[in-house]
Amino acid sequence: MPKEDCKYWDKCYQQNPAHLSKYNHPKKQQEHEVDGAEGKKVAPKRSASSQSGEQKKEEQTEPVNKDKSNTSASSTEMVNKDTAKGSYEAETEELHKEAMSNISGKNYMEILEKRIRLSVQKEYDNLCESNEFIRHKFLVEMPPDFYEFWKFVGSLKIDPAKPKDAGLEHLDKVFQLQLVGPFEFLAGKFHGAKLGEPGDYLRHWRFYYDPPEFQTIFVRRGTGIHYGYWRDVPQDKENLLIARNDSAKGCQFQFVAGNAFDAFLYYLEHDFAATPFSCGQLAGTKKAVAKYLSDNSLELAQLDRLQRERNKRVVAKTFHRAGIVVPFDQKTEVGYRPLAVSDSELKKMLAMLERKDVDNGAAKQAVLEKLQPVANAANIAVDESDFGSALELGIDMFCSGHKELHMLASSLLVPAYSMLSRPQFIAIAKAHMEQRSREDNLSIFDVLK
């Protein structure tokens, strides 16, 4: 009986007699046969006609050339990238070394702070190029009559050497009248000036009793007499009343004009003491005002009309007598309620702080204890949408002039102005109470020397 072929062929590892007697272990011939068959299949392709072969050769050569071209371009690109990368790395390394050499031996934070200052200075310089400076630094915008009055001042005195501030110097020299605040910006005094903190600009020419609603524009040199625009809402920039105060005499304000021109004439009539030498210039200046208004056909808002309209909206006079204006619903009586005590009772409480026979600490404690229920009632009023009550008491605390009450005043003014959507007044009030001064010279330029 013939033996079967082992499935492992000559690769079988079994050597036992039983397996060898049963199976043959020949070499695997099929592999060679398959190889031969494959060789026969390939051979006809290699023996094709010469024309076909040349065509195929051309077809095969073209992709090869393209591949070579692509390979060459790719290689060039890689070389360029490597070169650029090397150049970039070298440049980066060079810059790094330069930066490290500059920083070496120096305080890194000082360098960083210097860069920040340069950035802030650049922003400030850009801001000085437009009237946006006024809104940004003083948090308010000026009415049209303000800019018209500035043009008039420029016509009073023309000096090519000082085109912007010749008029200001003329009014100061002849009438002892300083045009300050936003007028100084128009005169170019803030350009190139030393930078201050935000609060410094809000305190610029802000006298001791000036509430946030008031902004100084005129000052009688060397005195506490000053005039300014009154805004019940920070965004107000049309038909603003102008008020007057003498900080040496107290906190009361008086509305004197409905525009800057009339305020100037009021000053010339009431706060300027003319001499025989200045009478001629006084008369000439008054005529110049009338001529300018006539030539430019300016119709300016008048005091009587503006004050009459405002009085309808005043809910409480307060200590400064100018009154406060808040939204008030006549039907529901929501928006304001009277304080828990009258003005006279409130003044009696505060009078204890002025007594010299009572220890200041004890007086302060006693006054605060009496004021606390009044303040609590005002805060409850705020919770019930009567925001005017907290505003009234806060203004009264501020106008009392006692710095011991600043914290109480702030605790009333902040929520009141916040609920009335007057955040600019919060910033102004806080900045003022931080450094409140009885000085007459309150210019930022002297503060930053």
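A Cβ is built for glycine as well, from the same backbone N, Cα and C atoms used for every other residue.
Noted from Swiss-Prot: of Ser49, Ser72, the annotation phosphoserine belongs to Ser72. Of the listed segments 3-28, 211-236, Swiss-Prot assigns zinc finger to 3-28. Listed in sequence order, Val334 are the same-chain residues at least 6 apart in sequence whose CB falls under 8 Å from the CB of Glu384 (active site, proton donor). The average pLDDT for the zinc finger (3-28) in the predicted structure is 72.
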